[in-house]
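According to TrEMBL, the features are:
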- 60-154: domain 'Stress-response A/B barrel' (DOMAIN)
- 176-270: domain 'Stress-response A/B barrel' (DOMAIN)
Amino acid sequence: MIHQALALPRLAHPFLTRGFGSNGGVFLHQSRTKNQGVAFSAADDDRFASSKSIQTRKVVEHVCLLKAKQSLLSEEKEKDMLDYLYTSQYQMRGIVAISVGSIGDKSSGDFTHALFVRFQRKEDLEMFYENPLFLKVLNEHVTPFCHGLTNVDYESEVEDDILSIFRKGEEYNYGEEFVLLVTFAKNASEKNIKDAMDSFAQLTSSLPSLIVQSTQGSNFNNSSKEFTHAAVVRFRSFDAMEIFVEGREYKDMWRSQFEPFVEKSVALHFSVDPVGTDVM
């Protein structure tokens, strides 16, 4: 599988420049320079309001970020790790969707791999954490080669349609998985936080030509509180994600709604490719 990733700014909005890590991945550099992005037109308020009439269903999302020990993780062991994580869905109840990938710039020393898992209920997530099979996968194929697992769990809503819930169909076979994690400062009011997250939701929902699906919510994982909120966006392609991140609307939203109230932020992405169904 081909995997690419980028690390987004802490506080500042990003601009894209093409640099290459050890696996040829593209990554982001942080900057406070003028907007140089490609502008796009968001849908108007009426269109966004009409989207709210769509029937939705609650889902629970799990994001796990890993930091690999590069000296120990060979190409073969990395493939095994990703395959074991991905195919664990076929042996565990409660998982409705999963994606996993390698983050591109492995010379950065930060997060190197990401796992996204969707559940129908919080009870399913709780069973996942305690599942003997998943613990075995972690103990034998993940933790020996990684140090530090960062987990974020949140509740969100998706369209009440089987393809949307299970992320199935042609639209989900390819694309870029984009993960944004933020920590709002203690002086940020509930309104500040709500306005920021609502503005992100409104912008992502207004761009179906670029985005297949977007979810977001507040982190309820009591044992991993590094980040307070998360969002996961499935872009139709790397180019679609690049247009979004470079767009004026995204940069303006980040400056006005997030930057004044965010203490810490990180974003990663990895490409999604069709995979087999063989259970490891």
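Each Cβ is built from the backbone N, Cα and C atoms, and glycine gets one as well.
Automatic prediction, not curation, is the source of TrEMBL annotations.
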For the domain 'Stress-response A/B barrel' (176-270), the DSSP helix/strand/coil residue counts are 36 helix, 33 strand, 26 coil
Mean pLDDT across the domain 'Stress-response A/B barrel' (60-154) comes out at 90
